[in-house]
Amino acid sequence: MTDLLSRAHAVALDAADPLRGLRDAFVFPQHGDDDQTYFVGNSLGLQPRAARAMVDEVLDRWGALAVEGHFTGPTQWLTYHQLVRDGLARVVGAQPGEVVAMNTLSVNLHLMMASFYRPTAERGAILIEAGAFPSDRHAVESQLRLHGLDPATHLIEVDADEPNGTVSMTAIAEAIAQHGPRLALVLWPGIQYRTGQAFDLAEIVRLARAQGAAVGFDLAHAVGNLPLTLHDDGVDFAVWCHYKYLNAGPGAVGGCFVHARHANSDLPRMAGWWGHEQQTRFRMDPQFVPSPGAEGWQLSNPPVLALAPLRASLALFDQAGMAALRAKSEQLTGHLEQLIHARVPQALQIVTPAEPARRGCQLSLRVAGGRARGRALFEHLHAAGVLGDWREPDVIRIAPVPLYNRFSDLHTFVEQVEAWAAA
């Protein structure tokens, strides 16, 4: 009988993987003569090999055409951001007009809050999760202060209520119901960055809208990781980055979703000339006429060099399909979970929920013995060419990415944990 937790079985799974060829589409950092075992796509995705050619194309056109590159050819810069629109829409489950690649995540969050956070005397509170990513919290607190409101009274945090530090849907529902008459906005992550917990977006939308609150999501750790259905879920807005699972490079341009029901609304917004409708933009008229859909929230002309790697990555997502990627992801992360329980249960505690529907590819791990032991294991793994990442105070995050990670990589990780624990 085959040992389903053996390296030999993992190698067989790799050989049978219908997505195995996608690994060759990425550039891997090297450790000695071998590829690094890379589990940090949740922090910075690997470079698609095609990205260099697409960046070079932009540079070549800049050199050959200079300013005329804005208006010449199928990859003209005037509409370059639209080259990623359809692919992004497929990844997040949106209509093409509901998405735009622009700015960065925190900038886009401020722009969305300028439109969707409309406090009144009775309804001015914002609900977030306790332990939110710091940039989100900074943005929320600063928006409250801009409106003359005190975060101490108008920022509501939902505390973790489960043993591993995760948040139940019951706790979220109770908080929304309790504070409903005060809520102007619910802002929630698709996946919590430290614990790896995924949330039911559609249910959060339903709960928030039942109380009359707008609802938005930070999808930094969800986009390209989970299949999303933002349009059908009725999300008001969402923001995300493209440098994690979307592999668009360090500091990559961000992404934004605005539901179609807001496309032609009179929502106030922070306006800029690239948000003006395209046909009359270069008339330089003083009156702002927004482009329909999410593009109407653009401020400045797109960063074409930053968009080029995103084109390369989205082509791979189209080649694979989100359903197939998610199926492999569930297998990879489930296999990693089984290996940890079977071989290093005394060394590692899994923080992330066990139910596949409540997680993406990431497993967040605590090391027995506390922070110092955790750091020691983290440094051991790094020295061995097995790269995860560390999040204070005591979590190692391991994210097997289905585009380029293998089942045998999981064994490399667990073998190194065993070697460290035995030393």
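Cβ coordinates come from backbone N, Cα and C, glycine included.
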Annotated companion of LEU105, SER106, PHE133, PRO134, SER135, ASP136, ASP218, HIS221, TYR243, ASN301 at the pyridoxal 5'-phosphate site, Swiss-Prot, chosen from TRP62, TRP273: TRP273
Span of LEU105, SER106, PHE133, PRO134, SER135, ASP136, ASP218, HIS221, TYR243, TRP273, ASN301 around pyridoxal 5'-phosphate - largest C-alpha separation, Å: 31
CB contacts for ASN301 (pyridoxal 5'-phosphate binding site) [other CB atoms within 10 A, all chains]: 16
LYS244 (N6-(pyridoxal phosphate)lysine) and ASN301 (pyridoxal 5'-phosphate binding site), distance between Cα atoms, whole Å: 23
Rounded to the nearest Å - Cα separation of SER135 (pyridoxal 5'-phosphate binding site) and LYS244 (N6-(pyridoxal phosphate)lysine): 16
Assigned conformation of LYS244 (N6-(pyridoxal phosphate)lysine) - DSSP reduced to three states: coil
Neighbour count (Cβ, 10 Å) for TYR243 (pyridoxal 5'-phosphate binding site): 23
Nonlocal residues around PHE133 (pyridoxal 5'-phosphate binding site), in sequence order (Cβ under 8 Å, 6 or more apart): PRO189, TYR193, ASP218, ALA220
